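Student: Dumping what Swiss-Prot says about this protein:
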- 1-12: topological domain 'Extracellular' (TOPO_DOM)
- 34-52: topological domain 'Cytoplasmic' (TOPO_DOM)
- 74-79: topological domain 'Extracellular' (TOPO_DOM)
- 124-136: topological domain 'Extracellular' (TOPO_DOM)
- 158-163: topological domain 'Cytoplasmic' (TOPO_DOM)
- 185-302: topological domain 'Extracellular' (TOPO_DOM)
- 324-340: topological domain 'Cytoplasmic' (TOPO_DOM)
- 362-369: topological domain 'Extracellular' (TOPO_DOM)
- 391-395: topological domain 'Cytoplasmic' (TOPO_DOM)
- 417-430: topological domain 'Extracellular' (TOPO_DOM)
- 452-460: topological domain 'Cytoplasmic' (TOPO_DOM)
- 482-507: topological domain 'Extracellular' (TOPO_DOM)
- 13-33: transmembrane segment (TRANSMEM)
- 53-73: transmembrane segment (TRANSMEM)
- 80-100: transmembrane segment (TRANSMEM)
- 103-123: transmembrane segment (TRANSMEM)
- 137-157: transmembrane segment (TRANSMEM)
- 164-184: transmembrane segment (TRANSMEM)
- 303-323: transmembrane segment (TRANSMEM)
- 341-361: transmembrane segment (TRANSMEM)
- 370-390: transmembrane segment (TRANSMEM)
- 396-416: transmembrane segment (TRANSMEM)
- 431-451: transmembrane segment (TRANSMEM)
- 461-481: transmembrane segment (TRANSMEM)
């Protein structure tokens, strides 16, 4: 479908508002799952690594399934997908209140809620991009803060609901709140299509009829013969021809000749259609090969390969604090009276601020977004290494704010990817990177939890997390150094026989 020119306003601002609240409602509980994590530890008595899988699946599976989610939005539209996904998120949260064990939560909270969030994310981004062109960056920045504000509010809300109604009541109420996604989704009116024919229809109109296996008006050979035979006999009976036997023989001869001709024509069409199917399959296979060739070309890019490792290591090491910070405070024996605000809420509000400030910095011409992203990775690695030394609420609150602000580097990640591979390859490269970002989100919290189960302390776990993020930052920094490009340019400009020529001349 061909959409008319994006209005950059009008109903588009309604789309921004409902997309903001959609991300607020769907991501609020999964991002603030650290509050629920403590209750699940007490309720089921499982290890921290096994319990952490619930939150990591809810936040990671949406990224892992992002290609499938994109196909669903492209096929059915943003509004139907948003409404359906609203039922998924609400149903998954409500089902989780009846969970008899941790494995049930893997399905209800981890997979169902996680997939619903992934579908909603793609729906909100797609419909926003359809309505905005010149102001697309501003619109996407506004809707992306919905998840961060949701993290800030839901952390305190879920804690209060648990104290009033228990864990099961909290999940039921949060699930009921998520039903408001249906109202938001119903307002995602698709952009009106233009009157001009779509490119797909224009292309298919030019294809000859013989290339369609089943033409609308085409009948089989047997049907054609039966129609001809019936029409010929009716005509002879109407004219009262006496020589029925002779005409019957003539009729059979005519029909046999028609039968042979139509069979030959049918065979030719079958051959043509078979060749067309072979060509179509060959073309699809060629597209598949081209995709993998382009993927290989992407990984030959030194900076892209480093960015691939950086985003994977960043999510393995940088995501666990938002899930485990509350348990870290409890393990440090910090009194609940000292809690002025949940640590997860601090992470959430600072993430929203970080997204806005880093996004503004990325728009300045004198700022290199790649080096800015590297700086956030190195600073986050240092902050993670400092967590084992924090023994008070104030220190953990400061570190939570720093980590939340630096996590806002998600807002500049598309800029970094574009700068690395170019706008032509952005979709392909960004899809690969998001898949492995989801893998890191899924693996990070369980790994940190297993470290705690092994050592009975979080110190080793966060030394590991800090090392992962620092390693990713240093790899990206080394790959992005301009000296590599200078060496490459110098070697490409040198003639192949320069060295032997100099030796011969000196001799």
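Including glycine, each Cβ sits where the backbone N, Cα and C put it.
Owing to the predicted nature of the structure, the values given are computational and were not obtained by experimental measurement.
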Student: Determine which residues of the chain contact the topological domain 'Extracellular' (362-369) at the Cβ level, with the cut-off under 8 Å and only residues 6 or more beyond its ends counted.
Tutor: 137, 411-412, 415-416, 419
Student: Would you confirm whether the transmembrane segment (13-33) and the transmembrane segment (164-184) meet the contact rule of 3 or more C-beta pairs below 8 angstroms, pairs 6 or more apart in sequence?
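Tutor: With 3 or more qualifying Cβ pairs, these stretches touch.
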Student: Decide whether the stretches the transmembrane segment (103-123) and the transmembrane segment (137-157) have at least 3 CB pairs under 8 angstroms, with pairs required to be 6 or more apart in sequence.
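Tutor: With fewer than 3 qualifying Cβ pairs, these stretches do not touch.
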Student: Is the number of Cβ-Cβ pairs under 8 Å between the transmembrane segment (80-100) and the transmembrane segment (396-416) three or more, considering only pairs separated by 6 or more positions?
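Tutor: No, these stretches are not in contact.
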Student: Do you know the DSSP helix, strand and coil residue counts for the topological domain 'Cytoplasmic' (452-460)?
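Tutor: Counting residues per DSSP class in the topological domain 'Cytoplasmic' (452-460), I get 6 helix, 0 strand, 3 coil.
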Student: Write out how many residues of the topological domain 'Extracellular' (124-136) are helix, how many strand and how many coil, based on DSSP.
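Tutor: Taking the topological domain 'Extracellular' (124-136) as a whole: 9 helix, 0 strand, 4 coil.
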Student: At a C-beta cut-off of under 8 Å, are there same-chain residues at least 6 beyond the transmembrane segment (461-481) that contact it? List them, or none.
Tutor: 302-303, 305-307, 309-314, 316-318, 320-321, 370-371, 373-374, 377-378, 380-385, 387-388, 444, 447-449, 451-452, 455
Student: Are the transmembrane segment (396-416) and the transmembrane segment (341-361) close enough that 3 or more Cβ pairs fall under 8 Å, when only pairs 6 or more apart in sequence count?
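Tutor: Since 3 or more Cβ pairs under 8 Å link them, the transmembrane segment (341-361) and the transmembrane segment (396-416) do come into contact.
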Student: Please list, for the topological domain 'Cytoplasmic' (324-340), how many residues fall into helix, strand and coil according to DSSP.
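Tutor: Helix, strand and coil residues of the topological domain 'Cytoplasmic' (324-340) number 11 helix, 0 strand, 6 coil.
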Student: Taking residues 6+ outside the transmembrane segment (303-323), which of them lie with a CB under 8 Å of any CB in it?
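Tutor: Residues 31, 33-34, 37, 52, 55-56, 59, 151, 344, 347, 370, 377, 380-381, 384, 387, 400, 403-404, 406-407, 413, 416-417, 420-421, 429, 432-433, 436-441, 443-445, 447-448, 461, 464-469, 471-473, 475-476, 478-480.
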Student: The topological domain 'Cytoplasmic' (452-460): which same-chain residues, six or more beyond its ends, come within Cβ distance under 8 Å?
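Tutor: Here the qualifying positions are 47-49, 324, 328, 331, 387-388.
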